[in-house]
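Engineer: I am attaching a structure below and will ask some questions about it afterwards.
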């Protein structure tokens, strides 16, 4: 089993983007900041969307639930930043953990495509085959006040995640190390 832990707020809620793409009126009528900071006065539909955006980021809670069914030795955590920056090395580590033999050589199967800004598959003809237009898009930077809200919102859960990963002997993902370092400076 493997769990990919990435910084959830980085993509500004894929659920919200999905709902907007399907013309959901609640998603269309609120900004990302309005969704995540909605208070108790918000409509039930807005609170439901907020929950769908925020709850997936409670990684410690979700990981604890996995650990009720699987021993830690069956858990492998992939650092999402490593997967994004060096997918061949990340996938090599996954293969080693799973005991896959022979190893698939991802360094020959992937190439960084400058025009897309991410890694793409190398096709049999040597050209790259990238994901569709909707993948790998750049999103606007998050408003500082929204980021601050999310840092506060996730702080306790991120501390719990750090303790849990340390207890399991797992390395902290890059985003979590950075988040905890920034929190301790504040």
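Glycine is no exception: its Cβ is also placed from the backbone N, Cα and C atoms.
Copied straight from TrEMBL:
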- 14, 119, 135, 136, 137, 138, 139: 3'-phosphoadenylyl sulfate binding site (BINDING)
- 14-157: domain 'Sulfotransferase' (DOMAIN)
- 120-130: disulfide bond (DISULFID)
Engineer: Round to the nearest Å and give the CA-to-CA distance linking residue 14 (3'-phosphoadenylyl sulfate binding site) with residue 130 (disulfide bond).
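Structural biologist: About 20 Å separate the Cα atoms of these two residues.
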Engineer: Cα distance, residue 139 (3'-phosphoadenylyl sulfate binding site) to residue 120 (disulfide bond), nearest Å?
Structural biologist: 19
Engineer: Let me check the 10 A CB neighbour count of residue 119 (3'-phosphoadenylyl sulfate binding site). How many other CB atoms are there?
Structural biologist: 22
Engineer: Tell me, what is the mean pLDDT of the domain 'Sulfotransferase' (14-157)?
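Structural biologist: Result for the domain 'Sulfotransferase' (14-157): average pLDDT 89.
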Engineer: Give me the count of other Cβ atoms within 10 A of the Cβ belonging to residue 14 (3'-phosphoadenylyl sulfate binding site).
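Structural biologist: Within a 10 Å radius of the Cβ of residue 14 (3'-phosphoadenylyl sulfate binding site) lie 12 other Cβ atoms.
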Engineer: If you draw a 10 Å sphere on the Cβ of residue 120 (disulfide bond), how many other Cβ atoms land inside?
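Structural biologist: Result for residue 120 (disulfide bond): 19 neighbouring Cβ atoms inside 10 Å.
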Engineer: Taking just the CA atoms, what is the gap between residue 119 (3'-phosphoadenylyl sulfate binding site) and residue 130 (disulfide bond) in Å?
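Structural biologist: Rounded to the nearest whole number, the Cα-Cα distance is 8 Å.
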